[in-house]
Amino acid sequence: MTRTLHLNAFLMGVGHHEAAWRHPRTDPRRVTDVRHFQELARIAERGTLDSLFLADGLSVGPNPRHNIQAVFEPLTLLASLAAVTEHIGLIATVSTTYNEPFHIARKFASLDHLSGGRAGWNIVTSAQEREAVNFNRDSHPAHADRYRRAAEFVDVAIKLWDSWEDDALVFDTTAGVFADTDRVHEVAHRGPEFQVRGPLNIPRGPQGRPLLVQAGSSPDGIAFAARYAEAVFTAQQTLADGQSFYAELRRQVTAAGRVPALVKILPGIAPVLGGTEAEAQALAAELEELIVPDYALAQLSGMLGIDLTGLPLDGPLPELPAAGSVQAHQSRYQLVTELADQLPDGELFPAGPA
C-alpha cells in the first residue's frame, strides 16, 4: 500500500526562530508586508506542500521590545493568500475561548468559498493568562473548562456549517427563488455555554466543513483530537515518545468510533538550512547568538506559567508542579520539563542564551 507523507509549512513572521528578525539576511519590516507572506505561500505551493499554517495569540506577547511574533489575524491573511494560490491548504489558528461559534463558523465558511475549498481550522483554547485580560476577564479559565467549552463550540460550528444542505441554492430567476428553504435549517442549539438558533448566513462551503486540526498533547487535548481532529500537530522529541503518542491517539480515535487512518499526525520540525551541513551549523550558531536572554526567559516563563525573572541562565529550574495541575499550555509545559530533565542539572540554557 502506498503511503503519503504530508508536509505543512508553519509561517511565522520573518522566521520561526525567535531571533530570525535580527539576522543580517532578514528584513524585519516584511513582518507587516502581505507580499512577503504571498511570496512564501507561492513557494510552498510550488514545492508541492499540502498546506500552510498560521499560529495566533490574543495578546502582544511577553515582551514586545524584542519580538511580537504573530502580527496579522490569520483568517484575514489567509484570504489574501487564497487569491495568489490555487491548491495549497490554508489553516488558521482560532481560539474557542475568546470567540463565539457563529462568528467563527461564518468566517471559515467564507474562507472556504474564497479559496475554493481549502480552509482549515487549528482549534485552540488559548493558553496564556495575559490573553484573558483583553476580553473583559481577570483570569484565564481552567484547562478542563476551556476544553469543555471547546467541545461544545465545535459541535455548534458543525451544526451551523450543516444548516445549509449542499443543494440548497436554487437560483431560479424565473420563479424568483434564490434558495430552497426546506434545505436550510435552524440549529436550535441550547447548551451550557451557547444558545444559537441559526442557520448560518452563508451557504455551505465547497468542503462542507473546513479541515479540523488540533495541537494539544495533554490528556484533554488528546481526547479532544480523538473526537474532532482530522490532523494533529505534535512535538514529541524522541521516536519512542512519538510512537507512544500515536498509539494512545489511535486507541482513543477508535474508542470515539472514528477510523484512525483518517487522522493524520504531523510532528513539528524547525530546520536550519544551508548549502552544506557546515553552512547550516554556522547559521544556527549565528541565530543562537542573536537571542536576547531576557526575552528567551520571558518566553520560557510563559510556557511554564512560572516567573523565572532573575534566575541565572546557567542555573537549574526551580521545582515544578506536575503537568496535570498546570492551567496554561500543558503539552508545551510537559515538553519543556522533559527537555530540562535531560539536561545537566536541569539548566535553563546549557549552551549559552539559546
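Any Cβ shown, glycine's included, is placed from N, Cα and C.
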TrEMBL annotation, FMN site containing ASP56, HIS143, TYR147, SER217, SER218 - matching residue among THR93, THR96, THR97, THR254: THR93
Most crowded position, judged by CB atoms within 10 A, among THR93, SER217, SER218 as binding-site residues: SER217
Averaged pLDDT, computed only over the residues in the domain 'Luciferase-like' (26-288): 94
TYR147 (FMN binding site) - helix vs strand vs coil (DSSP): helix
Neighbouring C-beta atoms (10 Å sphere around the C-beta of HIS143 (FMN binding site)): 22
